[in-house]
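> What Swiss-Prot records for this protein is below:
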type    : residues              : note
BINDING : 74, 79, 125, 126, 140 : S-adenosyl-L-methionine binding site
């Protein structure tokens, strides 16, 4: 059932994946649903809604990623990082979260589903100092872009960028971009079966 729905949704937005990748995505929903009962990883309880609100909501970002090394800050149970890693095995994803139960879940997903291009790290973002900087800093966890840039400013390479996953856009937020940063793209995302606004903002540092 979920497999057929995933096929339909991915075709609707023009995304390609192998049968193995689709199986990993559906199995991820199964693990999230199972672990959620004990560990309260997401407020979404229904697997069909997880497929829409977590899997497809993450995957529609994929065509807009530039580079090969990414960090997902405040990833929770691995969103959007794990679906994006499954769809992009040639890219590397670091999943950062400060809560141990979320990291344990991610590591179990990595083990059970055989995902080799993710690293899960338990840390607060301000305390995390990567050995190598990132092409892209992703997050759907921050309430405002200002917060994201304040806490994550040390993570991208000089030519890297921030990818802020947002719902409805706030004019105030867009008008009050912190000094030294510039929005290069505002992309309206379409998620199948989701009648809510979704946007991706690409932000770069200015010299």
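Cβ coordinates are placed from backbone N, Cα and C, and glycine is handled just like the others.
On a predicted model such as this, the values are computed, not experimentally measured, just so you know.
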> Could you state, as a whole number of Å, the largest distance between Cα atoms of any two of 74, 79, 125, 126, 140, the listed S-adenosyl-L-methionine binders?
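That value is 20 Å for the farthest Cα pair.
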> Which residue among the binding-site residues 79, 126, 140 has the fewest other Cβ atoms within 10 Å of its Cβ, if you could check?
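Output over binding-site residues 79, 126, 140: least Cβ neighbours within 10 Å is 126.
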